[in-house]
Ligand SMILES: Nc1nc2c(ncn2[C@@H]2O[C@H](COP(=O)(O)OP(=O)(O)OP(=O)(O)O)[C@@H](O)[C@H]2O)c(=O)[nH]1
């Protein structure tokens, strides 16, 4: 063969092999990046609604979800609370089904209430009142006892407390709601769920990701917002949370939104520096708009520890309302009474699951129905 053609032939072969190697390399690197991205993707609150949650319709043109309407959400969550298979409901039902209310029954009854985190004080008070009421009326029948118990429980949960959220902005400025609490109690999830509730009520909302401590938190919050067409103001990781909160409220004022919801970083109530930082976030925001609500998120499953946290948060940021999360499947609902008494602040919202619309306003009657498993 002509040596020139021979050389040309080998150049072509070499070129083809080089191209193949290059292509394989590109595919390999691409796949690796994809896998790495997947591994780094923050743990976002599940987008799959929990059992019983109706699928949310999408607005066809924007891809934005339309949150569940208030009526349907409340009916569904009431059913969940009432039907929740919690130990207290079972315990009370079991006691009330007994033929006679003797001393042993009362002791078991007291133990059941204490194990639900109702606290020794409220339990003793409740049992004393019940025994007195039942003996005055000569009731020894479990059906009637249930009626009296229900009434007394509602009384100690206190239906007279004002549980409405202050969502009226002052001087034409947006209402500002700050959400605080220790790590992992459900702050970001609550802010996301609350944004959905407000959007469903036709309010314009802006989110402030003042949790600059955990990079994934801002991402998680933005995801919640994007799903319902709500913007999120974010800062760099490690940025001053007070400045992010300030910028969010500033933008909220400029955009004329109804409500700015500020998510803050989870912090241990025992860390003085972090608690001071939280006080600063509130003070800085209040330079431009009053903070109408400071919601303290407590995990219902943490029991007594929740009380200790609540006291310290109250002292630092003047808590105006409590959000009790993870009440689904928790037998510790009695904590509602203790924490309200301790702080003199009402439980305003309850979290009843990981589903996107599993947040309900708290109301004494419905809650007691749930406790009694009715
Ligand atoms: N079962 C149940 N899980 C909940 C509820 N609310 C929140 N969670 C879950 O609790 C976990 C923590 O929620 P987050 O919202 O990330 O908590 P956070 O307080 O913002 O966490 P940090 O930013 O680390 O302080 C998530 O897995 C949520 O899905 C609830 O009402 N019920």
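Yeah, the Cβs are placed from backbone N, Cα and C, and that goes for glycine too.
Feature list (source: TrEMBL):
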- 12-30: transmembrane segment (TRANSMEM)
- 181-188, 263-267, 325-328: GTP binding site (BINDING)
- 346-359: domain 'SRP54-type proteins GTP-binding' (DOMAIN)
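One residue stands out among the binding-site residues 187, 267 for having the most other Cβ atoms within 10 Å of its Cβ: 187. Filtering 184, 187, 264, 267 by Cβ distance to ligand 1 (under 6 A) retains the following binding-site residues: 184, 187. Listed binding-site residues: 181, 184; maximum Cβ neighbour count within 10 Å falls on 181. Non-local neighbourhood of residue 264 (GTP binding site): 178, 179, 180, 187, 210, 211, 241, 245, 278, 281, each in the same chain, at least six residues away, with C-beta under 8 Å from its C-beta. Summarised as a single figure, the pLDDT of the domain 'SRP54-type proteins GTP-binding' (346-359) averages 91.
Note: the domain 'SRP54-type proteins GTP-binding' (346-359) comprises 0 helix, 6 strand, 8 coil (DSSP; helix = H, G, I, strand = E, B).
In three-state terms derived from DSSP, residue 264 (GTP binding site) belongs to an extended strand segment.
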